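Asks: So that we are looking at the same thing, I have put the structure below in structure tokens.
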Amino acid sequence: MTQARRPLMLIIFDGWGYREAKEGNAVMTARTPNLDRLEKECPWCFLKASGEAVGLPKGMMGNSEVGHLTIGAGRIVNQDLTRINISIKNGDFFKNPVFLNAISNVKANASSLHLMGLASCGGIHSYMPHLHALLKLVQEKDLKKVYIHAFLDGRDEPPKAALGDIKKLDAFCKEHGNAKIATVSGRYYAMDRDKRWDRTKLAYDALTRGVAPYTAPNAETAVSNAYSRGETDEFVKPTIITEQVITEQVITEQAEKPVATVQDNDSVIFFNFRADRARQITWAFVKDDFDGFMREKRPEVYFVCMTQYDETLEVPIAFPPIKLENVLGEVLSKHGLIQLRIAETEKYAHVTYFLNGGEEKRYKDEDRCLIPSPKIATYDLKPEMSAYEITDEVIRRIQSGKYDVIVLNFANMDMVGHTGIFEAAVKAVEAVDKCIGRIVEVLKEKGGVALITADHGNAEEMIDLKTGEPHTAHTSNPVKCIYFGNSEIKALRNGKLCDVAPTILELLGIPKPQEMTGKSLLVKD
């Protein structure tokens, strides 16, 4: 009979940052008897989870993709944002053959170039200077028909930052060529990642058919009208920007038409660099066997992805992935360990794809468990999300005695934190606390151990103290790392997210591969 395994668990609280001040701090406000007890009884430390510690520009907040990638890699990896910034600075961006091919296609067909993506300075899914660089490039190449399809943020920026962003973008367009904003749409629609295809279809139809819930004479008015309807940036319904129809210098009775829609032979550059929320609308454009919704129109276009969104798609990629060798999952597999990755829908890609170095592949003896996220409009309506279901399932898996290593993500503090609803975020923290209490009790019975940490901050800063408005973005605050288990380990040193994987390997008695430059957090006597 095979001896039952005593698992090592890596438990990631998405959005669990540390901030001393209690005002606007859902983590400090919540009743968390289990976490309080763990922090009192167990060794713990702080980890840097933002900026240069995770391969981002100095001072930039972390995010889930970057956090999980860094945790799994065991090293600091220059993130796509940083890679693209460097290419702009050294000029390689403007010589990128994929961009140049898209421009050549437009010139050869006398067609249009469409630049679509999140028009945000947040730096999580996209970065406004990248769009600016594209506009400078097309100005240099003297393209006449250039259109922007602006997705609005409201999560990685304040809920009403888009109006100012759009004004600045409009001014930049006037200074650098003649690009026009053709549509605006909240990311809730254009960047859904949970196969809520009705949302994606609204954005897709706006881009391809010029059909949307609303129209406006310009992008600034589109955003202002949305605010008047009670919509914040994330939830702005797709809106077509229209222009008056002039025939023989006379304005016709029909009065207006869309500024532009995506047509056959056009080029499209999707300038988001983060994959998870770029996939669905990309699939709608490029997949022959797409079945998410009925496409009334499917234009044949030259479609460029800024980075690799889906390795199964044969599309041009401006910045292809850099392969990471010997990430945590690979090392565990090579040593014959059986591992489990478990999360709900919102963070499933993070404990699989991103933790595995940005690759879809599943390693030998790597089991995966997806718990569906609740089908609701916003997670403040159900702050516990699917945490209780995840906990029930992971306890069952622990008790099975099958696994050596279990990686679990609780999405609550991040996803509810993004809503900006303080009371809901407090409930989210309390739900996770109940879950961790149950899990560590079972681990204790089985002789298991756990590292409990986070990928970035969020719920600890729910109010912008300068404006008094809800704070919906991530933070650059440090995160905690708690060790639960073997009493021989007395202390952890402060470190970075890249130190988590080397710590796990030391706990398992596995040599750290040379590619991992992070260092174990365990303090030796």
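Cβ atoms are placed via backbone N, Cα and C, with glycine included.
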Asks: Write down the one residue from SER64, SER400, SER520 that Swiss-Prot lists together with ASP14, ASP455, HIS456 as binding Mn(2+) 2.
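Replies: Mn(2+) 2 site check in Swiss-Prot: besides ASP14, ASP455, HIS456, the record includes SER64 out of SER64, SER400, SER520.
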Asks: In Swiss-Prot, the substrate site includes ARG155, ASP156, ARG187, ARG193, ARG274, ALA275, ASP276, ARG277, LYS347. Which of HIS125, HIS130, HIS132 does it also list there?
Replies: HIS125
Asks: Would you list the other residues of this chain near Mn(2+) 1 - those whose C-beta lies within 8 angstroms of the C-beta centroid of ASP414, HIS418, HIS474 - in sequence order?
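Replies: In sequence order, the nearby non-listed residues are ASP14, GLY15, ASN63, SER64, ARG155, ASP156, MET413, MET415, GLY417, HIS456, ASN458, ALA459, THR472, ALA473.
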Asks: Take the Cβ of ASP156 (substrate binding site) and count every other Cβ within 10 Å, whichever protein chain it belongs to.
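Replies: So the number of other Cβ atoms within 10 Å of ASP156 (substrate binding site) is 22.
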Asks: Which of the three DSSP-derived classes (helix, strand, coil) applies to SER64 (active site, phosphoserine intermediate)?
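Replies: Going by the DSSP assignment, SER64 (active site, phosphoserine intermediate) falls within a helical segment, counted as helix.
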Asks: Nearest by CA distance to HIS456 (Mn(2+) 2 binding site): which of the binding-site residues is it, out of ASP156, ALA275, ASP414?
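Replies: Checking each of ASP156, ALA275, ASP414 against HIS456 (Mn(2+) 2 binding site), the shortest Cα distance is to ASP414.
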Asks: Sort ASP414 (Mn(2+) 1 binding site) into helix, strand or coil using the DSSP assignment.
Replies: helix
Asks: Restricting to the same chain and to sequence separations of six or more, state which residues have a Cβ under 8 Å from that of ASP14 (Mn(2+) 2 binding site).
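Replies: Result: SER64, LYS347, HIS350, ASN409, PHE410, ALA411, ASN412, MET413, ASP414, MET415, ALA454, ASP455, HIS456, ASN458.
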